[in-house]
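In what follows, a single structure is set out as structure tokens and then discussed.
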Amino acid sequence: MVQLAKVPILGNDIIHVGYNIHDHLVETIIKHCPSSTYVICNDTNLSKVPYYQQLVLEFKASLPEGSRLLTYVVKPGETSKSRETKAQLEDYLLVEGCTRDTVMVAIGGGVIGDMIGFVASTFMRGVRVVQVPTSLLAMVDSSIGGKTAIDTPLGKNFIGAFWQPKFVLVDIKWLETLAKREFINGMAEVIKTACIWNADEFTRLESNASLFLNVVNGAKNVKVTNQLTNEIDEISNTDIEAMLDHTYKLVLESIKVKAEVVSSDERESSLRNLLNFGHSIGHAYEAILTPQALHGECVSIGMVKEAELSRYFGILSPTQVARLSKILVAYGLPVSPDEKWFKELTLHKKTPLDILLKKMSIDKKNEGSKKKVVILESIGKCYGDSAQFVSDEDLRFILTDETLVYPFKDIPADQQKVVIPPGSKSISNRALILAALGEGQCKIKNLLHSDDTKHMLTAVHELKGATISWEDNGETVVVEGHGGSTLSACADPLYLGNAGTASRFLTSLAALVNSTPSQKYIVLTGNARMQQRPIAPLVDSLRANGTKIEYLNNEGSLPIKVYTDSVFKGGRIELAATVSSQYVSSILMCAPYAEEPVTLALVGGKPISKLYVDMTIKMMEKFGINVETSTTEPYTYYIPKGHYINPSEYVIESDASSATYPLAFAAMTGTTVTVPNIGFESLQGDARFARDVLKPMGCKITQTATSTTVSGPPVGTLKPLKHVDMEPMTDAFLTACVVAAISHDSDPNSANTTTIEGIANQRVKECNRILAMATELAKFGVKTTELPDGIQVHGLNSIKDLKVPSDSSGPVGVCTYDDHRVAMSFSLLAGMVNSQNERDEVATPVRILERHCTGKTWPGWWDVLHSELGAKLDGAEPLECTSKKNSKKSVVIIGMRAAGKTTISKWCASALGYKLVDLDELFEQQHNNQSVKQFVVENGWEKFREEETRIFKEVIQNYGDDGYVFSTGGGIVESAESRKALKDFASSGGYVLHLHRDIEETIVFLQSDPSRPAYVEEIREVWNRREGWYKECSNFSFFAPHCSAETEFQALRRSFSKYIATITGVREIEIPSGRSAFVCLTFDDLTEQTENLTPICYGCEAVEVRVDHLANYSADFVSKQLSILRKATDSIPIIFTVRTKKQGGNFPDEEFKTLRELYDIALKNGVEFLDLELTLPTDIQYEVINKRGNTKIIGSHHDFQGLYSWDDAEWENRFNQALTLDVDVVKFVGTAVNFEDNLRLEHFRDTHKNKPLIAVNMTSKGSISRVLNNVLTPVTSDLLPNSAAPGQLTVAQINKMYTSMGGIEPKELFVVGKPIGHSRSPILHNTGYEILGLPHKFDKFETESAQLVKEKLLDGNKNFGGAAVTIPLKLDIMQYMDELTDAAKIIGAVNTVIPLGNKKFKGDNTDWLGIRNALINNGVPEYVGHTAGLVIGAGGTSRAALYALHSLGCKKIFIINRTTSKLKPLIESLPSEFNIIGIESTKSIEEIKEHVGVAVSCVPADKPLDDELLSKLERFLVKGAHAAFVPTLLEAAYKPSVTPVMTISQDKYQWHVVPGSQMLVHQGVAQFEKWTGFKAPFKAIFDAVTKE
């Protein structure tokens, strides 16, 4: 058991640390703080903890006579740390008669400690306070040092005081009930204090990390009985005693550091700001990522960034940065904001560079505008005794993954530098394998600290191959080898990132691993690129030798499963080694442990990179095993049985491949660089680079046995290398390429060509490096030629010819392909661009993407380039053009035969303006036009599936980001490889859309279709097998019912077009900004309600599907309901709601599996809104938020029981929870017990305006709250069987009540012009007003005088609400408008007058909307970019028609007219981007290649068509036959109902025709919505206008 410890601070032993010290706690307070009143303050969460209850009871029992104990409980969370809570507590203390001798006891985390401490500092001008911290963060940080504060709306901790507590009583036992994430969160501060002050404690923390995480991850929820209330509570419970000694020490040591620092600098003038290590950057992240990210998590990221800043300055060694990063990860903390789990936790919030810097400028350490950061010198020590000044330039570099390399202009020619690259990756990985297999202790020095070796060390540890520890402040790794005897299978897959070396070496090592009782295999896996890299030759050899290995994904690549109950037999092993020498080294190193001596024969041709094989053999010799090379058989080795004996020390040579970069820097800049620990005795082939490549190019080389010095010639005088075989140093070819790019000679016939061969293996490295170099060099203006096993680089004649990589939109980044060697090579060439320009000339830097990929072999490369070699670097926000946008991500459509894939694929391509490829047709093209059916007959289904998969992977690889729609065969999901490709595409942001329909109808259809290859089995069986696969592979889903009539078909097309536009983000989902409503459906099945759905939705911006009311929750049924609703309501936005029973609905409270499935259906169906209850489990909430795509989330909370008044903290906490989840809309529903509840609600609404808020009260007493709610008020309809909640009103009822309260002023609106006797406008508008309960009146004002309109209406009618303008006033009225919309300006006429207030008016034109919306409503897609348009006539309406067709995206618009002379002035008066072409002769129409699919007739309808105009029209109508949709003509005239143009278009050319009455109604509806702000009841209005 641990001892009670006392830690002095400011000269007093007031910090007490122990375990289970409640007796001591009570005794200390009562004995040393005598008082008449003790006040224990805590939050409601702590009240549930039995240890707290025990403490309170004991405190009461121990009170001396004359003393009393008060308890005050607040709501948990940061929101309680406010002025309001402070005032409430102070009022309570005053009411209770507390005086100056009061002792406040703050029991809780940082919120309680900060707030109660501040109350104590001000109450009665200061009373005593005792801090009893219960969270790890509070124990080691906030309770120590006397800082107290509350938050304000403008920021955290802005109001407070330094008020030292009388005691800080730290009882480790409180941590038993601390939630896992909070526990880990507190470790950030613990690690920080060790990092800045106590190296020994840091080392101790390192060695206990796995114990800590195992215990904390083992926390369980337990039910306990509350000793104070007898209620049953559920709390978290961690077995602290399992790591008591470790926990006690980490708390105590961290407190000691903070106490010592505070004692030296109480008011934070200098030394105390060292405690802010990690906080300058961490706080900036926290400001953006709060409240999703916790303080400690952001400080953890900040510590890594600030440590990298120190390394960038050349102060902190790379090893120390690696140690810090590793320990943070080991304790479960994030080290980058881009970690997948952390991004999901923070809801994928972005952390823009400019915002981070802005947040960093608000830091108490700063001096004015100068930023200060704590700089680490080594683990346990800071640089200086306070924070240091840093520039924004350096911070930008550290905070981003995109680097700007400026020209190497200011580097003196006589510069001489010594650079020591990190340890060799090749030697490091080999040394770790050999030492782990060896016996005894081996101290490995200069080990490369990189991603690769980190994965290798982790694997050796997980497989229990050796005991690993660190010395020399982490610079030396100590491997205690166990001779291979302890190697044991681990349950978790070994993740190796993109570490090719580690993956190859560990594959053979896996063959030596022993099974455990519970584990008979191990799995090796890696990132996406690692899962493409080859490993087959090695696996084939091991399999042939008795090791059982399975591929888990792609044949020939990771992930693999290696069975540990098979044996590594030994004997003769044949291995193909033409792809990678690592296969050879892998078997060589493990061969001594085979059952028999090994003869390893390399077959299939000359092995690649034989020098690396020689390296392995030499290293094996150092560890005690001698390999014999055959004298009779080429490329054959004999390896005896035996055990490695570890040397006591092994020093890793620096990486020769990495050394090529500083040496090439010297060559390119004409300076001198020495690498002091690589010479001609090196084990590594790349050590030849200076001698074999740079020397013949013109450099001076000095090489000893152990060092290499390169002095470059004058800048611009490097010579090309006619030919070099780089097979001994293949990794260095990339460096050679960038040197060759600026090499030239005087021979005019040479083309400055450098030829590099022997590097075929570089195509299967981290990327295809030969292709990568060719692609990226081209961006600099350097030409290359790819060779079968190499590359030719054609150098530029002058360095001045180097270009800044750019395209038509400006500079672009150099892609690094997540490959460290590509990044480092181009960092050199980037600095040469513009390096020879005049010194004062402003130069554009070159942008390098993904700079962090150099972490694989040289994490500190950029630091060396900057601090050692003198390069100027900066960081930058990713370019918009370089970030991956989903706007052009292709769409893959999957589904059963006869699901409508062919038709809907065409619609999809048309709606998005994408290209369409039918994969079955592509298959036939690639197989000599042989049909799929014939191919299957001749070759079988299996062969067809292989070909289908190949083609699919090919098109996705080549065109997945280029805006295509791929229609697939129904069986594409039958192949596991295709399924993986589909899922990979979906996870990369692509759209995989599952199209489905009623299976019964599909079966009937398929059985009658002879054109398709026959199914071998029953269709239903096929569906049952594939259904799960379709769902698994798709990220979107659309239910497409069979259509029996053309109107249904058009409705489905409109529905699909809006759906695809929504899920791809083309159509933005808007949250209404003004008064708006949604209707709540309560049907159990919508199938029989289709006729009523439109009128039910009148006046609403959205419709809510109460899924909990539906008859069943199956995926098909729910999808079908959504489809019915979309078709019936013309895709009014859907709110998808599953209301649980405890929130007032029908859905079972604990059916979380079904609930998840329903939310998945909603998101795949692209619903516009999803209602997410704030009482649901957090993991469900985060899952939905992270998968929401373009769907808006409504965070809802309902109080059906009326438990909470609107001034209760419950609503405040729920609102903050909604902010934490970053929902789009908050919906709160309370219960009005009395009328005053509505007033309290309005106060809440008025003080919570930072998110759209729906807030209403239920019951009839709450009706007024529904009237006063602004955004998306839930309403019912007279056509519904019942309302969804007590007190719901209809839209009309709300509007009438709001009018009676003065909320809506009655307006008078008019149609103006002459003649208007037959105008349908009054009927149109008054019908809408009546249905929606609006108080307005629409009448006629007949006149030919615009002046009279101004006098009588604009100026003379104080209730004027707007005017519909008709002939002859559309032009005359414009002079009286204060503003004109773009439409009115371009069309040149006003048909709508909108009052702006203060006697100001805006002129608009809705004729174009009437035309556009009438066309869309009749099946024309919203985007018709692949189709041309036609306008007939050149009068006033034709301008609106041209405007409408342009808005639809017509790439060309043809116009014909009886009088052709009128065309030219009309065309010239409109914008050139409309691309209008006037047709003067019939002959010119024959030459038009475009399909014409949409037309508008604007000629008088009461006269026959002119013969020539008719001839032109008919020639255009012929061109509609090939449009991507049913060609459609709109007649602008609405009398007569059928015109000559309509007749000829429909009867002779089968065009779909739209009568003018529809245009009339649509333009009127547009006016209605502009004047009233309400969505018009279209169907009712249309029926009223056209019923005559």
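Cβ coordinates come from backbone N, Cα and C, glycine included.
The active site, proton acceptor annotation in Swiss-Prot covers Glu268, His283, His1198. What Swiss-Prot lists as active site, for EPSP synthase activity is Cys853, and the listing cites sequence analysis. Residues or ranges marked as active site, schiff-base intermediate with substrate in Swiss-Prot: Lys1227. Annotated 7-phospho-2-dehydro-3-deoxy-D-arabino-heptonate binding site per Swiss-Prot: Arg125, Asp141, Lys147, Asn157, 189-192, Lys258, 272-276, His279, His295, Lys364, in sequence order, evidence recorded as sequence analysis. The Zn(2+) binding site annotation in Swiss-Prot covers Glu189, His279, His295. The ATP binding site annotation in Swiss-Prot covers Gly895, Met896, Arg897, Ala898, Ala899, Gly900, Lys901, Thr902. Swiss-Prot lists 1-392 with the feature region '3-dehydroquinate synthase'. Marked as region 'EPSP synthase' by Swiss-Prot: 405-871. Annotation comment: Swiss-Prot describes 890-1080 as region 'Shikimate kinase'. Marked as region '3-dehydroquinase' by Swiss-Prot: 1081-1293. What Swiss-Prot lists as region 'Shikimate dehydrogenase' is 1306-1588.
Overlay of Swiss-Prot feature records on the structure.
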residue	record	Cβ neighbours (10 Å)
Glu189	Zn(2+) binding site	25
Glu268	active site, proton acceptor	17
Arg272	7-phospho-2-dehydro-3-deoxy-D-arabino-heptonate binding site	19
Leu275	7-phospho-2-dehydro-3-deoxy-D-arabino-heptonate binding site	23
His283	active site, proton acceptor	21
His295	7-phospho-2-dehydro-3-deoxy-D-arabino-heptonate binding site	21
Met896	ATP binding site	24
Ala898	ATP binding site	19
Lys901	ATP binding site	23
Thr902	ATP binding site	14
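Here is what falls inside 10 Å of the CA of His1198 (active site, proton acceptor) among the recorded positions Asn157, Lys901, Lys1227: Lys1227.
The distance from the Cα of Lys1227 (active site, schiff-base intermediate with substrate) to the Cα of Leu275 (7-phospho-2-dehydro-3-deoxy-D-arabino-heptonate binding site) comes to 42 Å. The Cβ of Asn157 (7-phospho-2-dehydro-3-deoxy-D-arabino-heptonate binding site) lies under 8 Å from the Cβ of Asp114, Lys147, Ala149, Ile150, Asp151, each of these being in the same chain and 6 or more residues away along the sequence. In this structure, of the recorded positions Arg125, His279, Arg897, His1198, Lys1227, the smallest number of CB atoms within 10 A of the CB marks Arg125. Taking the Cβ of the residue listed as 'active site, for EPSP synthase activity' as centre and 10 Å as the limit, one finds 22 other Cβ atoms among all the protein chains shown.
Counting only same-chain residues six or more apart in sequence, the Cβ atoms lying under 8 angstroms from the Cβ of Gly895 (ATP binding site) belong to Lys901, Gly970, His994, Leu995, His996, Tyr1030. Annotated ATP site Gly895, Met896, Arg897, Ala898, Ala899, Gly900, Lys901, Thr902; additional same-chain residues within 8 Å of its Cβ mean position, judged by their own Cβ, are Gly970, Leu995, Arg997, Thr1002.
In the three-state DSSP reading, Arg897 (ATP binding site) counts as coil. Under the three-state DSSP scheme, Arg125 (7-phospho-2-dehydro-3-deoxy-D-arabino-heptonate binding site) falls in the helix class. If you count neighbouring Cβ atoms within 10 Å for each of the binding-site residues Ile191, Ala899, the highest count belongs to Ile191. Neighbours of Ile191 (7-phospho-2-dehydro-3-deoxy-D-arabino-heptonate binding site) among the recorded positions Glu268, His283, Arg897, Gly900, defined as a Cα within 10 Å of its Cα, are absent: none qualifies. Closest to Ala899 (ATP binding site) in space, going by CA atoms and restricting to the recorded positions Arg125, Glu189, Leu275, His279, Cys853, is Cys853.
Apart from the site residues Glu189, His279, His295, the chain places the Cβ of Leu137, Asp141, Ala188, Lys192, Gly278, Gly282, Gly296, Cys298, Val299 no farther than 8 Å from the centroid of the site's Cβ atoms, the recorded Zn(2+) location. Across the fold, the C-alpha of Met896 (ATP binding site) and the C-alpha of Cys853 (active site, for EPSP synthase activity) stand 43 Å from each other.
Predicted-model confidence for the region 'Shikimate dehydrogenase' (1306-1588) is 94, expressed as mean pLDDT.
Within the same chain, residues at least 6 positions away in sequence whose Cβ sits under 8 Å from that of Gly900 (ATP binding site) are Leu995, Arg997, Ala1040. Distance from the CA of Cys853 (active site, for EPSP synthase activity) to the CA of Thr902 (ATP binding site) is 43 Å. Of the recorded residues, Glu189 (Zn(2+) binding site) and Leu275 (7-phospho-2-dehydro-3-deoxy-D-arabino-heptonate binding site) place their C-alpha atoms 9 Å from one another.
The recorded positions close to His279 (Zn(2+) binding site), defined as a CA atom within 10 A of its CA, are His295 out of Arg125, Glu268, His295, Cys853, Arg897, Ala898.
Between Glu268 (active site, proton acceptor) and Leu275 (7-phospho-2-dehydro-3-deoxy-D-arabino-heptonate binding site), the C-alpha separation comes to 10 Å. Secondary structure from DSSP puts Ile191 (7-phospho-2-dehydro-3-deoxy-D-arabino-heptonate binding site) in a helix. Ranked by CA distance from Arg125 (7-phospho-2-dehydro-3-deoxy-D-arabino-heptonate binding site), the recorded positions His283, Cys853, Arg897, Ala898 have His283 at the top as the closest. In terms of C-alpha distance, the listed binding-site residues Arg272, Leu275, His295 place His295 closest to Arg897 (ATP binding site).
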